[in-house]
Structure formats: C-alpha cells, structure tokens
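In TrEMBL this protein carries:
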type	residues	note
BINDING	GLU127, ASP155, ASP170	S-adenosyl-L-methionine binding site
Amino acid sequence: MDSVQLGDRVLALFKDGRSFLFKVQDGKLQTHHGIIDLASLVGKNYGSVCETHTKERFYIMKPRLVDEIYKMKRQTQIVYPKDIGFILLMLDVHEGKTVIDAGVGSGAMCAALARAVGTKGKVYAYERREEFKKLAQENLTKWGLADRVEIKLRDISEGFDERVDAIFLDVPDPWNYIRQCYEALNGSGNIAIVCPTTNQVQHVLEEISKFSFVGIEVWESLFRQYKPVADRLRPFDRMVAHTAYMIFARKVMNDWRD
C-alpha cells in the first residue's frame, strides 16, 4: 500500500464534501473542522481515516489533476476541466506527441497536455508575460510535470521554433496567429482554439478558411451534475453551462480547392 511521505501533496476530504489540498510538512493546517497536524499524516495509508484536533474525521487521498486545477493558484481565467478532456481527445494528444501551448496562462491546460504526452513527448509553451510564465512554471513544478514542458517568453506573432503534432491556442485574438499555427503544424496535425464569445469565433472562422485546414468544427460543452442520492436522483440546482467555444481543425498540405 502507498503511504504518505514527507513532501507529498495530499487531499483531505471531509464527509460534508469540503476538501483541503496541502503539502505534508512540519506544521499545522487550520480547517473549518479543526486543526490538522500535518506531520502526523506521515506513514498513514492513502484512503485511510484521520482526525483533526476536534475529532472530526477526514480521508487522506492522493490529489487528482482535476483537484489540483480547481485549487491551483491562478492569475488568469483557466480552461475549465469539463473542456480539457474533450480538447485532449480532439487534439489526439498521447504518449510521445509534441504539442505547442500558445498562451500558457496559469498552466492548467499545459499540465493536462504534459501529462498526456508522457515522458517521451514534449510540450512547448509560449507566454508573453513574465508573471504568467513564472506562475505556470511554479504550478508545473509542484505537480511534477515541469520536465515535460519548455516554457518560452515570447510573443507568438514572431512564430514558433518547432514543428509539432498539435497546437492549443488560447489568446485574446487568436485569428491573428492562424498563419503561425499553420506553419508550425505537421501534416494532418490538429489545432484547438478557445474563445469566450461568438464574435471571436466568427473572426477565427473567417481567418482559418484562408489556410489549408479541413474538418473545421465548433463546439460548446454543457455539463450537468446530479445529486448522488438513489431514491431522490435529481440534478443540482446550478449547472456549469457556457465556459468557452472550442474550434477544431486539421492541417492538410494542399487545399482541394486549389
């Protein structure tokens, strides 16, 4: 069985659904259910029950990437987890792939890409703001993914250094960088672009039609969570609806209209 070690990142999960994510070290953590003595968790098996100083019980769990994303330090709007999985599938990102993340922000999508490409792949992240680059680097290091990512401080209007299998583009004006993305993609490569508004989507569609892309699709994901009560199964009163519009396309070397 895996047990908690000093330096591990751990999720404390209480019965009311509240959770706390922290690094196991000397010291104490104040929660709404009492104080957790962090060092006392060392040697405990993951999934086991522990107590706060008020005898409130909680489970010690290994944090999932989605837990890290929800609780991450951020300075920018992030790609929502409900969209991340779909984007990874549409980009066909898996072990050994090379990917460009243009507009790394706080690093949520970059982390998902880095985990997907595995130890044999590589993510090349581009960010023009130093503070965002620094924050993304900190987050990736904390999650053990920094060795799979190379972050470059550069305006992507200058183009990309690499030829890659897929590109994720998340910037305020993505239509201005379609040419740079097309040039960086391998043949049959995939691109995903996220936009918060329909006006931005229209601009992207107008520009992307000027290049040899096929399979152009526009998607929006709407998720509804249900209350897990067998005899009163019904949705939660609130749902996560619109988060972003997602545009997908695939590069070909010659347009059939030529």
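Quick reminder: no glycine exception, Cβ is built from N, Cα and C everywhere.
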Candidate with sparsest Cβ neighbourhood (10 Å radius) among GLU127, ASP155, ASP170, the listed binding-site residues: ASP155
Other residues, Cβ within 8 Å of GLU127, ASP155, ASP170 Cβ centroid (S-adenosyl-L-methionine site): ALA102, GLY103, VAL104, GLY105, TYR126, ARG128, ARG129, PHE132, ARG154, ILE156, VAL171
Pairwise Cα distance maximum in Å, S-adenosyl-L-methionine-binding residues per record: GLU127, ASP155, ASP170: 13
